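J.: So that we are looking at the same thing, I have put the structure below in structure tokens.
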Amino acid sequence: MGRLTEAAAAGSGSRAAGWAGSPPTLLPLSPTSPRCAATMASSDEDGTNGGASEAGEDREAPGERRRLGVLATAWLTFYDIAMTAGWLVLAIAMVRFYMEKGTHRGLYKSIQKTLKFFQTFALLEIVHCLIGIVPTSVIVTGVQVSSRIFMVWLITHSIKPIQNEESVVLFLVAWTVTEITRYSFYTFSLLDHLPYFIKWARYNFFIILYPVGVAGELLTIYAALPHVKKTGMFSIRLPNKYNVSFDYYYFLLITMASYIPLFPQLYFHMLRQRRKVLHGEVIVEKDD
């Protein structure tokens, strides 16, 4: 039998989400990209890692917020405001750099400290899930946040020859717009005052940002391959006392291949969530 699942737009109660996606989170994948990489109604569009994500629950639901208590709500509000401000600072720095220099070369180096701080600070997303103040999957959140950390620390930070690649700008722009939208959405929802534009942006920007973020991440990893293969960085060769081998070059190839099944699945999932929230569509799901 079919199971009828209704999802009407929830105003301030809905949440949305790579690799990075982010999003969701990709996913997220980067831009796509939390509160835990899950559905657009619960997580990140970030896909993307580009910020993308999968399914989660509504953090801002009034009943859930009452259960959170004043302290947890105050902390989440502070956290979301701080993250919104941080990514705004990053956006302003990127615009100023390009206006002054007229080129993307040197951009990453000029903003890397801010990027590393706020993206690493997002590890608290996992803590929020672990202690239960955000009712979403620890695993899904961990995957999304870790994917962003991976891109920041193990790719662009560690492989300096690729820092001036245009693909780096692609995922940086996608991440930045996604995160400003996402965290401002969370903030206004917690304050019970969600402007329609923020809600609209949350459920529409990912349509472009998620593919852009994913493309930027993939192209950046691809650009890193020759350097990784030549230097053997992060690889473990046999023989060694642990009798273990690891090849970072092939790990990156596998990582890139993983985008093939994940990207369409997460992207179309987010499109369904968009229809639910913005248009109040009724989705009929068939039981297996």
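The backbone N, Cα and C atoms fix where each Cβ goes, and this holds for glycine too.
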J.: What does Swiss-Prot say: are Ser184 and Lys276 on the same side of the membrane?
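T.: That holds: Swiss-Prot puts them on one side.
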J.: Among Ser22, Ser33, find the residue to which Swiss-Prot assigns the annotation phosphoserine.
T.: Ser22
J.: Using a 10 angstroms cut-off on Cβ to Cβ distances, just flag whichever of Tyr210, Glu217, Asn243 is the loneliest among these recorded positions.
T.: Asn243
J.: Relative to the transmembrane segment (166-180), which of 115-131, 142-159, 204-221, 252-269 accounts for the most Cβ pairs at distances under 8 Å?
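T.: If we count Cβ pairs closer than 8 Å to the transmembrane segment (166-180), 204-221 scores highest.
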J.: Could you tell me how many residues in the topological domain 'Cytoplasmic' (181-203) are helical, how many are strand and how many are coil under DSSP?
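T.: Taking the topological domain 'Cytoplasmic' (181-203) as a whole: 17 helix, 0 strand, 6 coil.
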